[in-house]
Amino acid sequence: MEIVQEGIAKIIVPEIPKTVSSDMPVFYNPRMRVNRDLAVLGLEYLCKKLGRPVKVADPLSASGIRAIRFLLETSCVEKAYANDISSKAIEIMKENFKLNNIPEDRYEIHGMEANFFLRKEWGFGFDYVDLDPFGTPVPFIESVALSMKRGGILSLTATDTAPLSGTYPKTCMRRYMARPLRNEFKHEVGIRILIKKVIELAAQYDIAMIPIFAYSHLHYFKLFFVKERGVEKVDKLIEQFGYIQYCFNCMNREVVTDLYKFKEKCPHCGSKFHIGGPLWIGKLWDEEFTNFLYEEAQKREEIEKETKRILKLIKEESQLQTVGFYVLSKLAEKVKLPAQPPIRIAVKFFNGVRTHFVGDGFRTNLSFEEVMKKMEELKEKQKEFLEKKKQG
């Protein structure tokens, strides 16, 4: 056992292995620090929004680090409910709550199966649920949606990025009933498929799970949703389901909402058009929520520098919410550009914004044809420059 510090919290954890697996009885993954930073900031947003004490749930708690940080680092938690089916996890959680001197009336520790914990004990009672399963969150979504109060927030993590991003398309179809696209913006496609699934599962109960933030990092996706009720709100979300048609030859892409408007061939090069979806084609970021996360993170010393850097990038990205983005190196390779310009220059050239998904990725409102035309223009300018340089 060893003691580690994260944020303000200190916790006892088993010795951290090089490889994390679901077979471990209790684990603490230091690589998920940014994820937990975001969960704390998301809860603080809810504190400010509601202006009252809140109840939070961590149904797959493991070491208890999330629930402990929620109690120590936010301003409104009345009580945190930490749950894990592992008896070893329960022992470690108890030690960790004591280690941080948290009063016993501010938390409860339970050892139930996560769905049972969410449904049986506190139906419609939680203001904030942080769900961080090992793998897909699908088996827990309905229980989470039913356990939350109206206006509550779900902080959701998914680590099964391989199926969602196209490595295992059949698995993606079974779990999410959608086709992934293994292209340069495959992780965004995966996030949009996951959002669609969350909305779909909650919609069965006339619950609207409205996406307000999306983030892709390392091996996981991080999403936030606000819970609302009413068939009109649910229908409005479902209206924002659609498909992406993509050409793997020329990188052309089109968003389609009408099944009758599918194209078999790419109108740009004539190659086969592939289909991704159904998926969410609406906004990935609520500007108010995203701006709050960024601004709150800058004020806090306990928040990682990496978290602050990522939030700055996402804050800028949220100003231009396209479906899909372009990767400069892929475009440069396609048109045989003599020299790839720095991404900061390319962003200005395309009137776009950088994306957090890929280091040299950018979003733009320009059409695919306009993007390729500007790439050809850039190519000609570079050729002229190199020719002049050659001539002295």
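Quick reminder: no glycine exception, Cβ is built from N, Cα and C everywhere.
Here the structure is a predicted model, which means the values were calculated and not measured.
Feature annotation from Swiss-Prot assigns S-adenosyl-L-methionine binding site to Arg36, Arg66, Asp84, Glu113, Ala114. Annotation comment: Swiss-Prot describes Cys247, Cys250, Cys266, Cys269 as Zn(2+) binding site, evidence class experimental evidence. For 2-375, the entry in Swiss-Prot reads domain 'Trm1 methyltransferase', with the evidence type sequence analysis.
Feature annotations (Swiss-Prot) mapped to structure.
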residue : record                               : DSSP (3 states)
Arg36   : S-adenosyl-L-methionine binding site : helix
Arg66   : S-adenosyl-L-methionine binding site : helix
Asp84   : S-adenosyl-L-methionine binding site : coil
Glu113  : S-adenosyl-L-methionine binding site : coil
Cys247  : Zn(2+) binding site                  : coil
Cys266  : Zn(2+) binding site                  : coil
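A straight line from the CA of Glu113 (S-adenosyl-L-methionine binding site) to the CA of Cys247 (Zn(2+) binding site) spans 44 Å. For Cys269 (Zn(2+) binding site), the nearest neighbour among the binding-site residues Arg36, Arg66, Asp84, Ala114, judged by Cα separation, is Arg36. Least packed by the Cβ count within 10 Å, out of the binding-site residues Ala114, Cys247, Cys250, Cys266, Cys269, is Cys269.
Annotation: Asp84 carries the greatest number of neighbouring Cβ atoms among the binding-site residues Asp84, Glu113 [cut-off 10 Å, Cβ to Cβ].
The distance from the Cα of Asp84 (S-adenosyl-L-methionine binding site) to the Cα of Cys250 (Zn(2+) binding site) comes to 48 Å. Remark: Arg66 (S-adenosyl-L-methionine binding site) has Arg36, Ala39, Asp58, Asp130, Asp132 as non-local neighbours, by Cβ distance under 8 Å and separation of at least 6 in sequence.
Its own atom aside, the Cβ of Arg36 (S-adenosyl-L-methionine binding site) has 26 Cβ atoms within 10 angstroms in the protein chains shown.
In this structure, the CA atom of Cys247 (Zn(2+) binding site) is 42 Å away from the CA atom of Ala114 (S-adenosyl-L-methionine binding site).
Rounded to a whole value, the Cα-Cα separation of Ala114 (S-adenosyl-L-methionine binding site) and Cys250 (Zn(2+) binding site) is 46 Å.
The record assigns Arg36, Arg66, Asp84, Glu113, Ala114 to the S-adenosyl-L-methionine site; their largest pairwise CA distance measures 22 Å.
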